[in-house]
Amino acid sequence: MARKAATNPNAATIHDQTLVRGQGGELHQLAEGKTVILTTAQGSPVADDQNTLKIGARGPALLEDFHFREKIFHFDHERIPERVVHARGYGAHGFFETYDSLAKYTRADIFQRAGEKTPAFVRFSTVAGSKGSFDLARDVRGFAVKLYTKEGNWDIVGNNIPVFFIQDAIKFPDVIHAVKPEPDREFPQAQSAHDTFWDFISLTPESMHMIMWVMSDRAIPRSFRFMQGFGVHTFRLVNAADESTFVKFIWKPKLGMQSVVWNEAVKINGADPDFHRRDLWNAIQAGQFPQWELCLQLFDQEFADSFDFDILDPTKIIPEEVLPPVPVGRLVLDRMPDNFFAETEQVAFMTQNVPPGIDFSNDPLLQGRNFSYLDTQLKRLGSPNFTHLPINAPKCPFHHFQQDGHMAMRNPVGRANYQPNSFGVGPRESSERGFRSFADGEAGQKVRLRPESFADHYSQAGQFFNSQTPPEQRHIAQALTFELSKVESPAIRERMIAHLLSIDEVLASTVADKLGITDLPKAADAAVAPRRDLEPSPALSIIENGPHSFEGRKVGVLISNGADAALFKALQAAIEIEGATMEVIALKVGGVQADDGTKIIAKHMIDGGPSVLFDAVALLLTEEGAELLAREAAARDFVADAFAHCKFIGFTPAAVPLLAKAGVDPASDEGLISLTDGDAAGTYMEACRKLRLWARETSVKL
Ligand code: HDE
């Protein structure tokens, strides 16, 4: 049956079921009323896809049924190994637009011409959970960008956190084993709140800076659209004269940053485990294309030497206030994949995918990753020909002599499949256009040593904590308390308190107190005395870097029969002007009849639309409606949660009985806004721009 095509003209029209694929993979529109004939994979038309071939209607099945065997054989092999980390991901297509030429710093083709547009594919992910885990786990988010440049694919395989747990790639299997479900019991899933994770962390002081980030609200983002992304390592830009400049890559969301609170995250995971996926899908289908600016921190060796930490150490940042990032282009995501498996699952990101003009630094984590990503693709995708998959193939011309192997789709043509050859065929290298590694001078003994310049594990952890606003600091303390409360071994908890004492005494004693640890241990020994004089960096706070409008956010409107139609329309208009969206919740999903007789369809029935799914809520109720809803536990939770999560609540005066039943005093603070008329809808929307009334938090004790 025909389904309507997506409303967004740029969205992949393949979501329309009237489209079929031709032999070359091209799409055809079916003529009205036409159907295509089902065939086997060999192209043989199928007469019956409902019944296996049997001897008589009640008889045994026949081995001869090639259609059945082919169908089941293929189904049996549908799964490929999920990624060993970052298994749960969601991707989208788009483009990168260069603002100005960066030829001074790099010969990378993507940065040569102002206004140049480069196709892009981005995959966001959680790290620890399996493919079917929930979206709102407390976890790092992957932020992997593939840029199909005219001189080859460039992958910036980053995270939403600019530092990492470990300093050397050889420790990666250990940190991942520790966070994944414990091997004897295979739980907990997608959670760091368990003994093995904290055991490893408490024995690994270099992870302390990362731990501060992972315990902060950065690890529970509201949307992929509201997260920053980081290349993490120091890379190099290399210009045509072979001069190198160090660079750190930062993606900044145009809509500002936003996270949820932990109590909300837990509830979202139950109400909508696909919360982040659905959010990206809905935004792109609605034509609200998310955007990020690529910002560069550029510096030279002399600047690098001015720090007492090492710019090769992936557990350190260069604060933005010390080195302001320069915006050099924008990334826009405007199209969902036609097929999740073909694109999002089969996409192969690799740190070693760099075009001429981009180069590596000696960061030992990056050096290790450059081996791991190629290796893992062979395991997961099963053939060295994974670059033949359309999502992985470059979009620029490419010529090489690699051939054969599983599923080879593009072997070299002609007689000579080697070079040099005297037949005068095939590609040759170019010293001028080809990739030239930056000729850094290296000499030394072969050693297994961590440099002393990597020894300070606590100073930037403390700086991160001190750069947070009071609510954000509270959340870090609460997250640490929650996680450590799930740890059964008292020794592990105490080791963590000892580390916290080397980061921030108040934080350590708050967490210790909440865990019931009365005798504080001695602060952990530090290889280098932690610096307490580092200036706070406001760029590290989410709240300080939130949006200036409510654009891209969502209001949940709880409505009852007889609701004020004029007010509803005014609210709808105010939300639309703001660039936000609205979803209606009612007792029944069929919706309600407003006071002017119009029908308002609900998107959710009250049990299916809890307030945790929205950034702000409004209660458009009549007295009767409020009374009816007050008898529903889900409606009382709707209000109580919105209040506890510090959201702005608009309400008609008749809704007060529901507020009261939910334990909310309508006069308690300025986050409760009485919707008396159309103008009030505008006032309410303006208030919503702040996203949350954090001042309420201490009274509701989240
Ligand atoms: Fe990864 N990482 N990683 N990682 N990583 C993978 O590659 C690895 C690290 C990151 O959406 C794997 O294709 C090692 C840092 C992202 O497909 C694997 C080390 C950062 C993704 C791998 C790290 C990342 C991966 C698993 C320590 C942020 C998902 C599947 C040296 C800068 C990409 C795959 C996608 C995926 C190895 C540490 C980001 C096994 C050895 C640091 C976003 O190759």
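A Cβ is built for glycine as well, from the same backbone N, Cα and C atoms used for every other residue.
Here the structure is a predicted model, which means the values were calculated and not measured.
In the three-state DSSP assignment, the secondary structure recorded for HIS86 (active site) is coil. Non-local neighbourhood of HIS86 (active site): SER125, THR126, VAL127, GLY142, ALA144, each in the same chain, at least six residues away, with C-beta under 8 Å from its C-beta. Annotation source TrEMBL lists active site at HIS86 (among others).
Every protein chain considered, the tally of other Cβ atoms within 10 Å of the Cβ of ASN159 (active site) stands at 24. For ASN159 (among others), the entry in TrEMBL reads active site.
Taken from TrEMBL, the feature heme binding site applies to ARG83, ARG123, PHE172, ARG369, TYR373, ARG380. DSSP classifies TYR373 (heme binding site) as helix under the three-state reduction. In the structure as shown, the Cβ atom of TYR373 (heme binding site) sits within 10 Å of 16 other Cβ atoms.
Averaged across the domain 'Catalase core' (39-427), pLDDT for the predicted model comes to 97. As annotated by TrEMBL, domain 'Catalase core' applies to 39-427.
Fewest other C-beta atoms within 10 Å: among the binding-site residues ARG83, ARG369, ARG380, that description fits ARG380. Separating the Cα atoms of ARG123 (heme binding site) and ASN159 (active site) is a whole-number distance of 11 Å. Distance between Cα atoms for ARG380 (heme binding site) and ASN159 (active site): 21 Å, as a whole number.
Around ARG123 (heme binding site), a 10 Å sphere centred on its CB holds 24 further CB atoms from the protein chains shown.
Distance between Cα atoms for ASN159 (active site) and ARG369 (heme binding site): 14 Å, as a whole number.
Of all Cα pairs drawn from ARG83, ARG123, PHE172, ARG369, TYR373, ARG380, which the record names as binding heme, the longest spans 21 Å. Other Cβ atoms within 10 Å of the Cβ of PHE172 (heme binding site) number 18 in total over all chains.
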